[in-house]
């Protein structure tokens with residue numbers, strides 16, 4: 001059990017260090033995470049129920065990676081801190097809302113989506129408790145969009161590009177960018193399901209929510225893709241001995 005918790009300790013330290021930076025610069029805007037108490041209780045419970053099985057699988061994958069190579073704990077913590085910092089940067093939107101990167105693509109590519117789901121939930125929990133981003137009742141919904149849907153789409157895109165013999169930088173870029181966008185698509189769907197339009201129903205609400213975030217999220221996704229490629233390349237160069245010939249542990253960490 002101690003072996004499993006060690007990466008969480010490193011992740012906690014990394015997150016607390018990042019908090020100092022975020023508290024020094026924090027724009028006056030609400031984070032894109034669904035805020036505490038915003039969803040009806042039935043929908044909050046629904047998303048929690050969908051999220052829990054992924055966490056169980058994620059814990060098993062995480063334990064498998066740590067047991068195989070304890071030196072991976074530092075990179076696991078770094079992947080979590082990367083997601084924490086990026087998803088805490090709130091960018092105001094001209095539509096009156098705000099958007100932010102997610103940072104989950106890096107961990108999904110390196111370790112697989114199941115592991116990133118656990119790291120993502122930890123990130124969201126810290127943000128809810130320490131930064132008032134999101135909330136505890138909506139943690140299941142936020143986790144499903146950012147810690148599950150985003151990483152699984154990122155992983156799927158990455159594997160698809162690798163199998164098609166695409167350049168690695170392109171595979172990582174598309175994985176991070178499309179995974180970021182998918183997080184917002186799922187969040188928009190969650191809001192549309194909970195608050196359907198009186199006239200157009202769920203479809204109208206979905207279009208409205210997606211339009212609100214599209215103006216800022218598309219350029220943010222591109223920027224996140226570029227940054228993720230840079231960080232991934234640095235990891236491959238300076239920590240290549242920790243990874244198999246494929247360059248990632250994604251297959252082992254699914």
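Note that Cβ sites are derived from N, Cα and C of the backbone, with glycine treated the same way.
Taking Swiss-Prot as the reference, the stretch among 191-211, 212-232 described by the feature transmembrane segment is residues 212-232.
When the stretches 37-57, 106-126, 128-148, 169-189 are ranked by Cβ pairs under 8 Å to the transmembrane segment (212-232), first place goes to 169-189. Looking at which of 37-57, 74-94, 169-189 has the most CB pairs under 8 Å to the transmembrane segment (106-126), the answer is the stretch 74-94. Ranked by Cβ pairs under 8 Å to the transmembrane segment (128-148), the stretches 37-57, 74-94, 169-189 are led by 37-57.
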